[in-house]
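Asks: In case it's useful when we look at the structure, here is the feature table from Swiss-Prot:
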type: ACT_SITE; residues: Cys20; note: active site
type: ACT_SITE; residues: His74; note: active site
type: ACT_SITE; residues: Asp90; note: active site
Amino acid sequence: MSTDFLFPKIADCSYVSCYCEENVWKLCEQVKRTRPEELGKCYAVFVSNEGRTVPLWRQKAGRGDDQVVIWDYHVFFMHNPLPNRCLVFDLDTTLPFPTYFHKYVTETFRSDLALRPEHHRFFRVIPADTYLIEFSSDRRHMRRPDGSWIKPPPSYPPILSNTNTHCLGDFICMSAGKGPGSVYSLSEFVQNFYKSAHVMAQQNN
């Protein structure tokens, strides 16, 4: 992965616990600033479902040997420079940073077959340049009814677009045809972004 140093070290990335959507926005911003030619090959990926109960393994916040946690949603960054080369940058995983797509999906999401339907994972994949323009959050979802913070916010100002003050729900929503980007089931997500060298060779013959 030595040629994929979009982010030389995880320590060089902006990170605040429980603000994954902003952490990924900052990664997109960093690529636009330092490697603009790669921005068109990058994506922000939201993971959620209708009930907002998605199990993920190998997470720093997880419990037990498998480090499993159930999030209402999660967001990670993806770099897809070649048809058979896709890397995942997840600031909350215990896997390497970055991790090859197939390894990340296999260890983080495993399979929906052993899960109840209400725990099946869906993925909203948004081009990085679109995410930079359209994402907006005033962080209201991280406040209690009395106005106090559930988790301390980032020190920088809220990320606000020119047209909206808070559209996080549009990104978490997994209804096809609503919100930016494209929505996939787990199997569709894998089919779209995992192309092994063997499969590519067959397609080219």
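Every residue, even glycine, has its Cβ placed from backbone N, Cα and C.
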Asks: Any same-chain residues 6+ apart from Asp90 (active site) with CB under 8 Å of its CB? Would you list them in sequence order, or say none?
Replies: Phe76, Phe77, Phe97, Thr99, Tyr104, Thr108
Asks: At the Cα level, what's the spacing in Å between Cys20 (active site) and His74 (active site), rounded?
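Replies: Between the alpha carbons of Cys20 (active site) and His74 (active site) there are 7 Å.
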Asks: At a 10 Å cut-off from the C-beta of Cys20 (active site), count the other C-beta atoms across all protein chains.
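Replies: Here the count is 22.
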Asks: In which DSSP state, out of helix, strand and coil, do we find Asp90 (active site)?
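Replies: In three-state terms, Asp90 (active site) counts as coil.
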Asks: Count the other Cβ atoms sitting within 10 Å of the Cβ of His74 (active site), across every protein chain shown.
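Replies: Other Cβ atoms within 10 Å of His74 (active site): 22.
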